[in-house]
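According to TrEMBL, the protein has these features:
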| type | residues | note |
| --- | --- | --- |
| REGION | 73-93 | region 'Disordered' |
| DOMAIN | 109-234 | domain 'NOL9 N-terminal' |
| DOMAIN | 294-426 | domain 'Clp1 P-loop' |
| DOMAIN | 533-634 | domain 'NOL9 C-terminal' |
Amino acid sequence: MADSLLLFKRGPSRSTWLRARKARPHLILSYRPRRRLGRLRWRSRRRFRRRLLQAQAAGVDWREGGCLVSRAAAPRRPKTAAPSPRPAEDPAPTCSAILPIPPVRSAGSGRAVLLLPLGQGFTFSGICRVTCLYGQVQVFGFTIRQGQPAQNVFSTYTHSRLTINAVHYSVHEKSKKEMKREARSLLRSYLNQDDRYCLMKNFSPLCSILLLERLKTSTVNFIISHPGLSYVFVQEIPTFQINSEYFALKSVGIRRERKKTGLRLTESAFSVMEELVSISCEEADGCPVILVCGSQDIGKSTFIRYLINQLLNSISCIDYLECDLGQTEFTPPGCISLLNVTEPVLGPPFTHQRTPQKMVYYGKPSCKNSFENYIEIIKYVFSSYKRESPLIVNTMGWVADQGLLLLIDLIRLLSPSHVVQFSSDRGRYMPDLSPSYVDNMDGLYTKSTSKVRNRGFHLAEFADSLEFADEEKENPLLFTGYKLMSVKSEFVSGKTPRNRESHNKVLRELAVLSYLGQLQPPVPKPLCPLHGLTPYQVPFNAVALRIIHADVAPTHILYAVNASWVGLCKILDDVRGYASGPILLAQTPICDCLGFGICRGIDMEKRLYHILTPVPPEELRNVNCLLVGTISIPQCVLKSQRGLEGTIPYITTDYNFKLPGASEKIGAREIEETRKEKVHPKPKFYRKTN
């Protein structure tokens with residue numbers, strides 16, 4: 001040591017490394033300093049993760065963070081004279097235990113058992129099927145109990161992560177020993193003896209045990225088959241939690257997330273939700289009309305999904321009226337619809353596309369410059385509401401200028417019993433829509449009713465168009481106002497004024513892809529590209545045409561229809577009397593929309609449209625009108641279809657923007673690439689050919 005000190009004093013200009021090397025030449029020093037695990041750089045993290053994966057594949061037993069490892073999967077240590085002592089049992093585990101269990105049906109199937117103590121949650125990303133084996137849990141407001149069917153849960157990267165929370169349940173005065181014996185007997189079908197022992201030693205009263213299974217659906221497989229969209233459900237992120245839990249969850253198709261990334265609602269939202277559930281369950285007033293309003297990206301849709309799940313815990317069905325054209329919940333964008341919801345919504349909109357009770361295709365993601373038609377369509381759809389279950393109304397996030405006046409018209413038209421208004425410090429200012437404020441304000445098409453002292457008002461302007469029951473016609477309806485419920489939102493959205501439009505466009509395209517996913521055969525059959533499916537053939541004189549968003553010359557109408565997203569509608573007029581076609585409509589009708597499809601090609605010789613749609617044939621017999629709007633086919637469908645060889649159909653750079661309807665000034669579609677016509681000769685009306 002004295003020599004080393006002398007060397008340091010002699011050569012102050014030399015580097016510290018040379019001094020230490022000369023002072024201790026017999027030591028083997030490393031050029032790379034030792035770092036802690038949390039301070040490794042990105043490349044070092046990748047290298048370390050790869051080594052851990054290789055070690056795991058080789059059968060090495062990694063124990064980190066006190067997490068348990070399946071004894072069946074871990075290699076057994078050789079017996080010695082002095083075996084290592086058994087680790088002490090943790091009296092109060094602080095984290096849930098996740099164990100990989102042997103596959104039951106096939107060697108490749110992924111399963112995991114999750115043990116959740118009371119009051120704790122498991123935040124995750126990915127998709128899976130959740131079955132409650134023992135106890136009771138809650139996901140996105142919906143309660144999953146023991147013995148109930150498995151639920152498909154979608155925790156995607158486009159929205160806040162979902163959390164599975166263990167909630168209290170009745171045990172009927174059972175002792176801990178009895179509960180443990182009952183839980184152990186339930187696990188015999190899923191775990192071997194060693195795994196059951198490792199799991200049950202962490203069991204505590206009021207614990208919940210879940211079975212997580214890999215979820216495979218044709219719709220999800222169709223979405224992730226397109227380049228750039230696989231990240232929506234599964235996203236690989238470098239992590240250092242390489243242990244049995246990581247591999248068990250990876251086999252299921254999910255990964256654990258930090259709690260702060262999960263969905264969080266404010267106290268005001270929970271209090272409003274609790275009151276609405278209580279009111280909806282009362283027999284005297286069991287059919288409230290709940291209108292939710294507020295500025296965009298403030299959490300309205302998330303609140304509605306949570307409220308629907310909470311209501312389904314107590315009642316069998318809820319009616320839902322969609323008035324938001326851009327971000328629809330159960331249908332492709334551009335629709336106004338009325339649905340009867342009987343199953344929970346455990347994911348974003350593109351994971352639960354459903355068939356509405358009544359739907360009208362508006363054709364555009366916004367109602368600007370066409371307010372009157374928007375109001376008329378809502379009146380037409382709302383007339384089908386039977387007032388047999390609670391109704392939830394979703395409105396647009398446009399609450400400034402004319403949007404606010406339009407919202408006042410909707411409140412007067414729908415006469416809600418409760419108005420839930422969202423406000424935020426970061427959102428656009430919106431006045432409190434109290435009954436007195438609405439009474440004293442003029443809407444776009446309605447006048448103020450401040451002269452009515454009792455604040456009741458008759459819908460004189462709309463009474464003629466609404467279809468009321470006979471007893472309601474004899475006694476005119478008198479609406480006595482509503483209760484305003486305010487929710488202070490702290491919802492943090494990833495959207496900014498710069499990327500909001502592109503982000504919303506991605507969500508709309510995901511909804512369209514989800515709808516087209518219904519064309520795919522059920523799992524486990526392989527996916528079939530859209531160009532490989534057999535379309536329906538429709539004669540020109542069997543359906544009428546209408547371009548909603550633009551004025552197109554009759555000579556170019558087929559150019560606008562070809563390779564387009566079309567609404568399959570039913571009008572009252574009979575269009576079968578014409579000898580030839582196409583049949584053009586002078587005005588956009590307000591009619592029922594039975595579904596959607598793609599006009600895959602036009603046969604000019606046989607005068608046939610070729611339509612690709614998942615609508616069943618019995619419904620297609622009623623279709624006699626095709627509506628084309630600004631909602632377009634996603635670009636990935638046209639550019640990234642599997643199996644395409646040579647020139648991509650409908651994609652060209654030689655395009656004439658001078659054609660009527662092709663200019664952006666008139667009303668261009670969302671798709672940027674242009675398309676050319678491709679004819680597919682197919683042999684009669686709405687009948688598939690092989």
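Just so you know, glycine gets a Cβ as well, placed from its N, Cα and C.
All TrEMBL annotations are machine predictions without curation.
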For the domain 'Clp1 P-loop' (294-426), what does DSSP give as the number of helix, strand and coil residues?
41 helix, 26 strand, 66 coil
Summarise the model confidence on the domain 'NOL9 C-terminal' (533-634) as a single mean pLDDT, whole number.
90
What does the DSSP secondary structure composition of the domain 'NOL9 C-terminal' (533-634) look like, as residue counts for helix, strand and coil?
15 helix, 37 strand, 50 coil
Residues in the domain 'NOL9 N-terminal' (109-234) grouped by DSSP into helix, strand and remaining coil:
32 helix, 46 strand, 48 coil
